[in-house]
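As structure tokens, the structure follows; a few thoughts come after it.
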């Protein structure tokens, strides 16, 4: 609040035009203020120092400011640590403008985040330095030479040897290897056998549509700013916020871990098939798959733990093998088929075989969507490059180029290989070289094996019993088709192991990025990295455990659909992120990649959601249930991050639109809500005042609290205490001026405060005249601006700032003493002076009486945070003010804390009309639908107060009376001229009846409401210019003296209650 600085001996050394400036200290964010020291009696505003939890702890926050003398010297950094992080005021330099200035030309370093891997962050000169320093202080000794930016973040350690990949090695190769996975050599022929090449093309096309749209959306998002590690999690969390990002990040990391199992099982199946051909099965096929799978994943884990460089080398080797194997397939389809291959269903290109494979032939309960569910994981490799985005040289350039090109190349490859197989391999074959048809007997060919029959082979037995060969039955068709079978086996190994390796790297990287953001505090353990590339060793181990658990299933067709929905959910959110950011039209949405469309992204999101339910409706519901659960969890936990998400942008746009729509609607009494402007100072200093205001507004009204400093710190305190209120500050020369400015300018459109709420000035009798006039002037201003007015009085007072300050000083001093004792061990000779002169706040214990008073004050100040016991809220509705005096206590009774409190109504009545007045009030309350416990009619309110009460009032105003009636006319006029603020005898005579009413009301309150939980009384109004400020304060004081918590309420005399529908 506004304060006056007292003169001290040190002020004599200061000249009349000495100004103070703010300087950076530490890494905490502070609200800016100014301080003028030209005259010790002038107002002082100081910068507020606080810890800002809303900013990233790595140092990506604005600097904190501390006032200090410009002339130099050493001061503490504001938190008592004395760590020497201070900086001197930056001298002016000769810039590009040819004259001394602190202004800097635009530079990329000013826009970096702290911890940037591509350069060191610099902080431009603050507005206070440019404005205050040059206008008020001349810098001596400035030689005009450029100096280093003293606000620059300390340079990061040079990470020599860190592996960074380009777009080919880092994105294109990885995506192709991941997409050319287990499906290419093991399941692609089966997919086209089941669906036919007609629907098979649809399967591949639908997958490509989903991945291409997602790739376009991802390209837009990742070119809208620097991309860090974390892949899909990073993109979604930075676009939609931590709630969406945190929920999908966990799911996506888990899906990649399960994908490791899928690819390893595909590899193990191929090995087991080789063992079976050579009669080398170890136990049985199922257990052999498990054994080989577990051994394989252990070897892959070793490569991954060795580091990204070894993993990248392994990927290149696997890619070469894979490319050779793919070429081998195309070559093999053109080599004349041997008799053995023909018996197994492979013939060279034949139009009849091609047409026979056109229609679908779903078997064993398979459908188009079940087949699609099995194939789709092959397309999930598009995020392989994004998942290691933190290890790319230029993610913004590499991700769009590499990902989209990989989708094109792999899509064409899948389609080409599948069509070649469909044109050369029949669905069913016996594998028996004796199942031939004699020459000339092909004229009898019919049924499902017509094409093979016309080639001279009789596979009709496959219609009766299942066969082991053909595209529907043999998963090793690619080996048979190829020119050199072992190359396909090597290609299968390469495809499966490369995809498994990519997923094994991706899952820990994504999981590590999620854990580093500390969204799930329990997972912080996995955030730690090791080595030059910050490898997530702990994440690798966790991924290994999950992969082994799913390898035990040992069935590729069971594992594949499990992860399909998880990947589709990730793709849906990536598409929705792009749409949402475009829809918000935030100025910060400026993607360098232009070939995207917000509606196409929305279509992609809807398509992904639809495909999820089509593939497996219960798995889709389970995926959404998990995602919603995680979303709610993160929302409730409120992670301490702020990434400027599009969700915030849309919320802002919606708020503005809603506020604008309200401006065109006239206020209606049925929609009246208390919108409180609460003069709390720092909110934590007057908790009782804020707690009551919060009860009035709760989640349905507007609550604003005001002082002149520390906005951000106090807003954070409100949020932490779950007080839904806005905190605002104003720079002013006086308390009244600031409040007057706020009452005129606060709010936006219809969202403006309509009630001024403040505490009772308990020290009005000892305060200076200006303070009393300022306080009463605020009440007059509230009436003039037609605000409802609420004044809260509690016997112990409302302000506990001195207790909070004392506790803070004690804690801080204790910290210094502990540090001092620690220093004794190392530098005992340097700390004796410190130890023998500890802070006064520590060495001077408080007396027991003071401690008891403080404990009682703190307890009373927090009483409205606790549930109120059974009791009453007594409403003394003396004057009709529009109904605010009745509405506010009614609102209190609807809150949980006051639900056990009954409302009693007290009204003034005339003698002889008690029952009639009670009946009329009862009828009015029933029409207002307000519940009450009892109605009391006070018919003796006009009686004169007793002598003791009157004596108390006279003693109260005695120091402020003129007593001009007992003096001569000349002396009386001189007294009135010299002390116009004092209470004259004429004034007392004029307002004798009103004064008697306040004193009499206090007697009645003492008599009827001493046991109430809360008292509500109609506030008396002093006519402006007629009633002196001290007399008005005496009215308010005597009216509420020695009572339970009491609220004086006066509405603006506009109806806030109505009985019309």
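For all residues, glycine too, the Cβ spot is worked out from N, Cα and C.
Database features (TrEMBL):
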type     : residues : note
REGION   : 55-87    : region 'Disordered'
COMPBIAS : 66-78    : compositional bias 'Low complexity'
DOMAIN   : 88-138   : domain 'Amino acid permease N-terminal'
DOMAIN   : 170-676  : domain 'Amino acid permease/ SLC12A'
TRANSMEM : 171-192  : transmembrane segment
TRANSMEM : 198-227  : transmembrane segment
TRANSMEM : 248-268  : transmembrane segment
TRANSMEM : 288-306  : transmembrane segment
TRANSMEM : 318-337  : transmembrane segment
TRANSMEM : 368-390  : transmembrane segment
TRANSMEM : 402-426  : transmembrane segment
TRANSMEM : 540-560  : transmembrane segment
TRANSMEM : 566-584  : transmembrane segment
TRANSMEM : 596-619  : transmembrane segment
DOMAIN   : 686-812  : domain 'SLC12A transporter C-terminal'
DOMAIN   : 853-1061 : domain 'SLC12A transporter C-terminal'
Would you say the transmembrane segment (402-426) and the transmembrane segment (248-268) are touching, if the rule is that at least three C-beta pairs must lie under 8 angstroms and be 6 or more residues apart?
no
Stretch among 198-227, 288-306, 318-337, 402-426, 540-560 sharing the most Cβ pairs under 8 Å with the transmembrane segment (368-390):
198-227
List, by number or range, the same-chain residues at least 6 past the transmembrane segment (596-619) whose CB is under 8 A from its CB atoms?
206, 209-210, 213-214, 216-217, 219-220, 369-370, 372-373, 376, 561-562, 564-565, 568-569, 571-573, 575-576, 578-579, 582-583
For the transmembrane segment (318-337), could you work out the same-chain residues 6 or more beyond its ends whose Cβ comes under 8 Å from its Cβ atoms?
173, 176-177, 180, 184-185, 346-349, 413, 416-417, 420-421, 423-424, 478, 481-484, 487-488, 490-495, 497-498, 501
Quick check: do the transmembrane segment (566-584) and the transmembrane segment (198-227) share at least 3 Cβ pairs under 8 Å, counting only pairs 6+ apart in sequence?
yes
